[in-house]
Amino acid sequence: MSSAHSNDAPLLAIRGLTKSFAGFPALQGVDFTLEAGEIHALLGENGAGKSTLIKTVTGIVTRDAGTVTLDGTPIAPRSGEAAQAAGLATVYQEVNLLPNLTVAQNLFLNREPTRFGLVRHGEMRRRAAAILAGFDLAIDPGTPLGDHSVAVQHLVAIARAVDLSARVLILDEPTASLDAHEVEILFRVMRRLAAKGLGIVFVTHFLDQVYAVTDRITVLRNGRLVGSWATADLPRMRLIQAMLGRELGEATAEAAPADRHRSGATEGSEIAVYEQFGKPGYVAPFDLTLRRGEVVGLAGLLGSGRTETARLLFGAEMAQTGRARIDGAPVRLRTPRDAIRHRFGYCPEERKTEGIIAELSVRDNIVLALQARRGPFRPIPRREQEALARRYIAMLDIRPPDPERPIGLLSGGNQQKALLARWLATEPQVLILDEPTRGIDVGAHAEIIRLIRQLCDGGLALVVISSELEEIVTYADRVVVMRDRTQIATLEGEAVDVTAILKAIAGDEPAEAA
Amino acid sequence: MQAPSRRLPALRLPRRGAPQLLAFAAILLVDWLVSPQFFDLRMQGGRLFGSLIDVFNRGAPVALLSIGMVLVVATRGIDLSVGAVMAIAGAVAASLADTHALPVVLAASLGAGILCGAWNGFLVAVLGIQPIIATLILMVAGRGIAQLLTEGRIVTFSAPGLAAVSNGAVVGLPAPVVLTVVVLAVTVLVVRGTALGLLIEATGANARASALAGVSTRTTTLAVYVWSGFCAALAGLVTTADILGADANNAGLWLELDAILAVVIAGTSLMGGRFSVPLAVLGAFIIQAMNTGILLSGYPPELNLLVKAVVVLAVLLVQSPRLAGLSLLVRRRTA
């Protein structure tokens, strides 16, 4: 939109970019166009392919197919340095600089001004001061970088990247750890750089910031391009639809599955009641009741506080406000063990780092939670362990059906099933599933959804976090919608549909609780 | 179906323990070649003597240390203080030996070891200090404590009860060897007979996932450091009984490194996870068999350090996943 020279080649043009990891497609023929002087938001939920796109373009990973041209010239950098030399600079969420070196040293790392092989510190500081002045950064270049706030460190990283004669600046979630004021400073710098003709790719999860600073929006979903719009032409509601992958028309057209709401009349008995439960700066106080045979869906964009809510419910994070009653008695949830004692289970989203114990066998992984609850001195006899493992391997169709195989060698879907088995073995009454279908193949996906319904019919209370709204509405009795770490709406019964959830997420109007 | 993750079970050797047993046999063979009477045994005063018995007898302190160490390493920790704890336990025992009854002496000495272990466990499990730093504190301070206990002297004693810990014999076998076997058996029984082994491995391999599965990672971690302290105190008793005195400066000096080496030889990853206590003990005896061999061969004992370094390198090379990939490549090319 902002490009004046229409007959020229765009600053950065990506065409048909494709990349697979171990057979799983991460990018499928994605196009992306960045004009000079443009601030371009690259959006999408987890696993949409934003990081892969950036890494592929900047040479961190090699692409399988597709072309990248900078000013009309094809480029194929083999490393981050090569990309930098070609004019593509990237600043990541975690500042990639050396906090114990000075600001000036960081700015000139690897390209220090020298005379006879010796670094000219005075010259370096002078030039650093000049660069910093251009960014309105009133800091002493001789001070260690680590002494400054994260925001300043980000700006220094950007200053360094730009000073390396960048044409394109890629900012990968730079604002995640900044406060409102710092974000404003960053935006000012971004606008000034864009005015000088730089193209800026801005990755973020904060939609307010998208509308505050960008000219254009490109949305990816499941490795595919959803579309590209001028920011001014794309209402927030439609943006969220694009990100979550549902057209409004489709959503309303589809009849709600008949078996979803067990007619609402069979009110299950209360298992857990949370009142004004919360932790300042983590999740705002909320009320939630979990009933037998009911599925509560937690919906919201990434970073809206869904996972944080789950962790509070499970005691993985200790609440600082409010009360919880389980089975009618007040409880304090200090650690997961407290919740597990009341027959809670939790499958985290981060399967590899928080779920599986990769080098232990499938059997060990399945019996772990049950064994932990019984304590070390009441070991589950080996024969019983094997029976448990065999039972759940058969029931959930875990493949390969070998209980002694290290679980790290299984596919994502089978790891997820083994984690479900871990909790099912404890005969839970509440099961919290955080993105249970993320990153697993289509077959396992359907099986896990079927299982969620079965479990629910079996009298379990389920809390399911999912970004797949069309999936949530098929099994959830109630949907709690979150935004900015706050529970903003609860949809119940007939009100549970994709449109209503989208509306609540977008915050166009206060969604009325049913 | 399976993810191509080469790195995961890097320690799955074809048959667990086979390389270690082979290495031990090979070193014993070399020992026999340099000293033909290596396998000779004779009975004297109701106790077996001979070079082979010596390997086990001299290796007992490190073997005891490695029993505790392997559990600590399995939780992704390390215990650098065991040598210093040996000195403390020895100093306590030696200074009480001639004035107190044997049970009191043993209880005080072992109690000191348990206390030291609990201190390490507290720093690591409760305060969350990195194990290498946390135990470094006691490694340095412990020797100081031992020197304070002995007032800088070598405290000697003559009580035959304590001396028997080293020179005694049970069915012909030296007491330290029997002690090692008993502690090994008890440890294996406790660790594998209960679910502690699983909880230790889970904690070491992925502490976050374990905590979310309800494992009390804190208690588990605390327990292994306590056991390591206890084992170190036993090792300290053996060395003190051996020289009929406590030398705070030298008792157990650098033995923590031998114990770590034994654990590494046993194929335990320093990143935590799967472990084998018997293999760690075997690792300790492998080290001692090398020491004894060099002694018997008449080469200067300084050579010992070099030989040890070569063995460590060999063990690590055998376990290196990169090398495994490399050898596959070579084989494919030659084929």
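In case you wondered, yes, glycine gets a Cβ from its N, Cα and C as well.
What TrEMBL says about this protein:
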- B:21-39: transmembrane segment (TRANSMEM)
- B:59-78: transmembrane segment (TRANSMEM)
- B:85-115: transmembrane segment (TRANSMEM)
- B:121-142: transmembrane segment (TRANSMEM)
- B:154-171: transmembrane segment (TRANSMEM)
- B:177-200: transmembrane segment (TRANSMEM)
- B:221-241: transmembrane segment (TRANSMEM)
- B:253-272: transmembrane segment (TRANSMEM)
- B:279-299: transmembrane segment (TRANSMEM)
- B:305-330: transmembrane segment (TRANSMEM)
For the transmembrane segment (B:85-115), sequence-distant contacts whose Cβ falls under 8 Å of one of its Cβ atoms, 6 or more beyond its ends: 61, 65, 138, 142-143, 145-147, 149-150, 155-159, 161-162, 226, 229-237, 239-241, 245-248, 251-253, 255
Same-chain residues near the transmembrane segment (B:253-272), Cβ under 8 Å, at least 6 residues beyond its ends: 10-11, 13, 16, 19-20, 23, 61-63, 65-66, 68-70, 73-83, 86-87, 139, 201, 203-205, 235, 279-284, 286-287, 308, 311-312, 315-316, 319
Recorded stretches the transmembrane segment (B:154-171) and the transmembrane segment (B:59-78) touching, at least 3 CB pairs under 8 Å: no
Leading stretch by Cβ pairs under 8 Å, where the reference is the transmembrane segment (B:121-142) and the options are B:59-78, B:177-200, B:221-241, B:279-299: B:221-241
Highest-contact recorded stretch vs the transmembrane segment (B:279-299), from B:59-78, B:177-200, B:221-241, CB pairs under 8 Å: B:59-78
